[in-house]
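Some notes on the structure that comes next.
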Amino acid sequence: MTKITVFGMGSFGTALANVLAENGHTVLMWGKNEDSVKELNDHHQNKRYLKDVVLDSRIKATSDIKEAANFTDIYLMALPTKAMREVTSEIDSLIDSKKTFIHVAKGIENDTFKRVSEMIEDSISEDHNGGIGVLSGPSHAEEVVIKQPTTVAASSKDEKVSKLIQDLFMNDYLRVYTNNDLVGVELGGALKNIIAVASGIVAGMGYGDNAKAALMTRGLAEISRLGEKLGADPMTFLGLGGIGDLIVTCTSTHSRNYTLGFKLGQGQTMDEALNEMNMVVEGIYTTNSVYHLAKQQNVDMPITNALYKVLFEDNPVKDSVKDLMGRDKKSE
């Protein structure tokens, strides 16, 4: 079967490494934390992220990035968006042949407003680029790793890469569709994190189902507006990489973005909430990026604007809700 390196030892990278191993592939994980590497090699666990799960014993781990980079020609990039450019640049300096990069990050770069596939493309030389794709959709790691039925989308500018992703990951509990709209799938995965934080705030404040439904619906509308302006197919946002990912992230306590929002809605400061969670919350960085990107593109994104004021200007959550509800009359 196929050899694959998984860069990143977070919850989703670990869950997908387990899928790949169970599908018969040879998997090497890379991470910087020596304790996590040792724990995985010795005990087949990653307790920090997937506390009670015993992983496939065939998964190995290393902290040596050169070993990881030269293990195979296929990489699963399971890193936070803010770490992607640095790690892919380092990988590029260590390899001498084409590699296929599959990423699962859901974010937008702060300074450049680039999607993750664009960041990877920037970071590697042309003669090392064997194709770049994304695997995205409603897929909590905690459910994937215990084989709960899950359905996701694989996308790339190169259809061969989309089909490769489908072939590598698909099994009887993980169904993978291909989708040729890379822009839409990446934007859907990133932008829904903004709405998920807002959804958590609404829940934390004690508002009911009406408010939650309105937030998700109007959130999808502003995601679609920006996506279409950036070249995405609006129909993509009605699929797994759009509304599918939006629903699961806006309604589940598995979601870091929702959990952060919930804590903010209950009155915690962002520092207090993040200290309790001790995990990367992509929605914070994405809100910052998209707030400025929307202004640059002249796209109306009222929920994003309101959340930006909460996260970065210390606007009270009650005032932000009042501002949203008090906007001028308009047609849907």
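Glycine is treated like the rest: Cβ placed from N, Cα and C.
NADPH binding, as stated in Swiss-Prot, involves Ser11, Phe12, Lys32, Lys106, Arg256, Val280, Glu282; the candidate among Ala61, Ala141, Ala221, Ala306 given for that site is Ala141. Going through Asp96, Asp127, Asp245 against Swiss-Prot, the one listed in the sn-glycerol 3-phosphate site together with Lys106, Gly137, Ser139, Lys192, Ser255, Arg256, Asn257 turns out to be Asp245.
Across the residues annotated as binding sn-glycerol 3-phosphate (Lys106, Gly137, Ser139, Lys192, Asp245, Ser255, Arg256, Asn257), the widest Cα-Cα separation comes to 15 Å. Here NADPH is bound by Ser11, Phe12, Lys32, Lys106, Ala141, Arg256, Val280, Glu282 per the record. The longest Cα to Cα distance in that group is 22 Å. On its own chain, Ala141 (NADPH binding site) has Gly10, Ser11, Phe12, Thr14, Ala15, Leu16, Tyr49, Leu50, His254 as residues at least 6 apart in sequence with a Cβ closer than 8 Å to its own Cβ. Cα of Val280 (NADPH binding site) to Cα of Ser139 (sn-glycerol 3-phosphate binding site): a distance of 17 Å. Put plainly, the binding-site residues Ser11, Ser139, Ser255, Asn257 were compared by Cβ crowding within 10 Å, and the winner is Asn257.
When the C-alpha distances from Asp245 (sn-glycerol 3-phosphate binding site) to the binding-site residues Lys32, Lys106, Arg256, Glu282 are tabulated, the minimum falls on Lys106.
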